[in-house]
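Per TrEMBL, these features apply:
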DOMAIN    34-364  domain 'Aminotransferase class I/classII large'
MOD_RES   Lys232  N6-(pyridoxal phosphate)lysine
Amino acid sequence: MSITTLAVPGVRGLTPYQPGKPIGELEREFALKRIVKLASNENPLGASPKVLEVVRRILGGTHLYPDGSGFELKAALAEKLGVEPAQIVLGNGSNDVLDLVARVFLTAGRNAVYSEYAFAVYPIATQTAGATGKTAPAHDGSRGPRFGHDLETMLERVDPDTRVVFIANPNNPTGTLLGRGELYSFLAALPEHVIAVVDEAYFEYARCPDHPDALEWLGEFPGLIVTRTFSKAYGLAGLRVGYAVTGVEIADLLNRARQPFNVNTLGLAAAAAALEDTGFLEATVQANDAGRSQLEAGFRERGFDFIPSAGNFVSFDLGRPATPVFDALLREGVIVRPLGNYGLPNHLRVSVGTAEEIDLFFAALDRVLVP
Ligand SMILES: Cc1ncc(COP(=O)(O)O)c(C=O)c1O
């Protein structure tokens, strides 16, 4: 008997999440002096020095359990976001919160709706909970930005067994952004039995005037959950802190299923300190704007189609299978992300790095693509 047959069906059918290749792994594989990792949408500026100082100061307290209620971080977030602490659920990264939503609202016989090319964790969380994932084809470019969520089709996919819709805004790996009006109309049209998760992991980077802040609609839509993270613009991916903001009833349900100490001591303190360093956040967003333009210019120069992105990454079309190019870039010490598992076998996703890292990426790409 195979042990695999003992697992629940949803897990047996899963394809594991493919994280960006860690720098250490590449160092072990090839003897490389300089490695550039542009694979996981991390902050190339690191974290705020003020945050690191706070983390250093509290290192002596690691033998104690963290504050399981996250009191101080929730208070700081509540003040910043203009909500009540009881509306916030903290997670071990926002990934944890997405998983909690699935565990609380999904089970066998229910389904979740998400878009083609949407963030890979939605199917994982859905199927692990025993539910079925329903994928709505993305825009083909005729009625909305190519690769972007097609909210009309997503709405058509909703049925009496749907309990959750996942919307990433901006979406990873496409970087596509939904505007205020269309997202609002979609949320307003959703039936009452459906929880809408608006995943705003890249919220801070998307600065176009039409960019919705879904928190504004919490009072209006009782089934709305907005998720955000400290992993991206705040540069704390390694400390794992994310959160959901929602109505108090949903927050209470999510908190019931949450592991009691899901956010660690260092993460809690670092996130609270990070909220205060608005200068670092501003510098991050400005550097990202510049780096994203640098990437776009480089793709244009080389004649590659890229997907206009509102995040801290750009996906581009090589016009041929991307895996050999990805592998060759690895040997050059450059880690990017292949998107075959998203159904985009000719695309690579490149995170916005420093200007120097982007130059190194293009130099490596040019070497690799020499006929
Ligand atoms: C769209 C989206 N949502 C959520 C996450 C989860 O990030 P974290 O768990 O680090 O908060 C990511 C990470 O890449 C993402 O791209």
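Cβ coordinates are placed from backbone N, Cα and C, and glycine is handled just like the others.
Predicted automatically and left uncurated, TrEMBL annotations should be read as such.
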Ask   = Do you know the mean pLDDT across the domain 'Aminotransferase class I/classII large' (34-364)?
value = 97
Task = Within 10 Å of the Cβ of Lys232 (N6-(pyridoxal phosphate)lysine), how many other Cβ atoms can you find? Include all protein chains, please.
result = 27
Query = Which of the three DSSP states, helix, strand or coil, fits Lys232 (N6-(pyridoxal phosphate)lysine)?
reply = coil
